[in-house]
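Step one of this worksheet: look at the structure below.
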């Protein structure tokens, strides 16, 4: 039982560590905050993965649920989507939309590259790579799913209680955020109902885990990049994403909004196209997650921490989290390769 739950427990911890500490947003001295962050981030990410895997929605479903998660956190909990002065920033100067009271730049930035990619999808991809034989299986039974849901709710409540001075948007803004999150979740779950999960037995008939794509029954022939080119493309995308954010005061907010939207659309279109082809699988999905976590690692050295920390402590913490991330990725890659070799050898017997 303990070993069966290890991937779920790992994801529960990896999500907040990546989303806040590897990013550089919180210093190492804030690790006790995991008491609140792990239920919120980890519980939410576990729910997203398990709902998608149990229902067969796959990665497209996870993307929708990850964005919904971001809308809930930033629209209903921290309410940063509507706060013109969130975290001391002058968001009203960054592509502000007066009609809805939101910064177009902050919305596209925090919901996509930060929450969906960094807090949810990349940790899932890496943790699945650590257990190749169970990468596409649910990790929790129904009781575990309930526990994850309860933890997420507790984390959300704790987030609200620890921030009594949170910005107070209008009722219409809160209702709008709730409706958007609900629609995204409904769309993801509708996709799940329309697609049956792939039986485990079908994945054991001579194909290496890295060669198995989501929705394998609808695959078509065609070229797909290997994991190393995917890693390189992800690192380039990460660089473009953060350059757009870091140069916003120089180049302006609307160019950054355009860059974010083009980046998301291009990434989704390319990955969706490749994922329909027979050569796409676990290794490439791992490369996507690894590239984003490595992007977070280098970004941490440029990010001022949100909580007080001396430069030496901040630097040491960033270095420690970055080294830990590299070690974790190396272990995951070795397991993906070992599983591929083992399955390939079995197929040739």
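Easy rule for this one: first residue shown is 1, then count along the chain.
Backbone N, Cα and C define each Cβ position, glycine as well.
Check TrEMBL against the ranges 170-189, 190-209 and you find transmembrane segment recorded for 170-189.
In terms of C-beta pairs under 8 Å, the stretch of 29-48, 55-72, 228-248 lying closest in packing to the transmembrane segment (139-158) is 29-48.
Away from its own ends, the transmembrane segment (254-274) comes close to residues 59-60, 63, 94-95, 104-105, 108-109, 112-113, 224-225, 233, 237, 240-241, 244-245, 247-248, 280, 284, 288 of its chain (Cβ-Cβ under 8 Å, at least six residues beyond either end). Outside the transmembrane segment (228-248) by six or more residues, the chain places 94, 105, 109, 113, 255-256, 259-260, 263, 267, 270, 284, 287-288, 290-292, 294-295, 299, 302 with a CB less than 8 A from a CB of the stretch.
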